[in-house]
């Protein structure tokens, strides 16, 4: 019969995993918290701006923008979770109860998982629209809501599993170094799951990139090649490159470190880079708002209206109605295809 340690302190498990638990504020701790809080505030403000813009502008009431809004909501939640971590880290960690410690970690796991799965959903949606040459997916609002619901259910399940059994409170030899109350097998599972999602995203975006490049090469040989189509395709290639690069740079280090800890690597000093790779993953929540939103002209215009609202309280907001010319209504060249929204 296994002996469980439900009545022990957080310090007991940190000592078991040989993870340092300080009782005073060091310069390094202060810097990490200050930087973390700064990033969290920026993440909260930028993603709140994105959500507000999508809600008030009817031109954004399409499946891709609903997914974008949900991504912003996930990143907003990630900002809150990271801020909660900053207020319960350093010397304060030793004062936490086991329940509070699990809440702290579950918030992070849930928010980061929701963000990653949202990115995957957007990648798949973009793949569909690019290859059908449509501005927006034909997915109904009901299906989008079901998809969003499934994203959050998945995130909640992965975030709450450790609190409800997949921990090491009854098996101290299985405790991880980075998260001393988590089982190493859970970290391995979580890291591998995310790395699989990363791989799928790389394949999807690489497929989009290759298709767009080939399409541009083929179309450029025709004298009837519409310059607007070329501009759209070039912008799309740039956006795909930024998305893929930012995602790999921000997420891969953290997942690799988690996997090494989960596999019980003794020679890997994962604790030395733990806080930095987590901060890097959090920064991706800020980059998401910039890449997926700020490259959209209409989104930027809506941002300006929101930010200038205090200066023009007497003017009522009305969505911009853009009159399209003949070429824009057709949205592409004489081939009769639709252009793809290159901003996303």
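Each Cβ is built from the backbone N, Cα and C atoms, and glycine gets one as well.
Curation does not apply to TrEMBL; its annotations are automatic.
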Seminar exercise, completed: Matching 6-28, 144-166 to TrEMBL annotations, transmembrane segment lands on 144-166
Seminar exercise, completed: Matching 89-106, 107-124 to TrEMBL annotations, transmembrane segment lands on 107-124
Exercise. How about the transmembrane segment (30-57) and the transmembrane segment (107-124): at least 3 CB pairs under 8 Å, pairs 6 or more apart in sequence, or not?
Worked result: no
Problem set entry | Most Cβ pairs under 8 Å with the transmembrane segment (276-294), selected from 64-87, 144-166, 186-212 | 64-87
Exercise. With the transmembrane segment (144-166) as the reference, which stretch in 64-87, 107-124, 186-212 has the largest tally of C-beta pairs below 8 Å?
Worked result: 107-124
Exercise. Do any residues of this chain, six or more beyond the ends of the transmembrane segment (107-124), have a C-beta under 8 angstroms from a C-beta of it, and if so which?
Worked result: 64, 67-68, 70-71, 74-75, 77-78, 80-82, 84-85, 147, 151-152, 154-156, 158-160, 162, 190, 194, 197, 200-201, 204-205, 247, 251, 278, 281, 284-285, 288, 292, 344
For this session: For the transmembrane segment (64-87), could you work out the same-chain residues 6 or more beyond its ends whose Cβ comes under 8 Å from its Cβ atoms?
Result: 33, 36-37, 39-41, 43-44, 47-48, 50-51, 54-55, 104, 107-108, 110-112, 114-115, 118-119, 121-122, 125-126, 129, 136-137, 141, 144-145, 147-148, 151, 155, 278, 282, 285-286, 288-289, 292-293, 341, 344
Exercise. Near the transmembrane segment (186-212), which residues from the same chain, at least 6 beyond its ends, have a CB less than 8 A from one of its CBs?
Worked result: 109, 113, 116-117, 119-120, 123-124, 126-127, 130-131, 158, 161-162, 166-167, 176, 178-179, 233, 236-237, 240-241, 243-244, 247-248, 251-252, 255-256, 258-259, 261-263
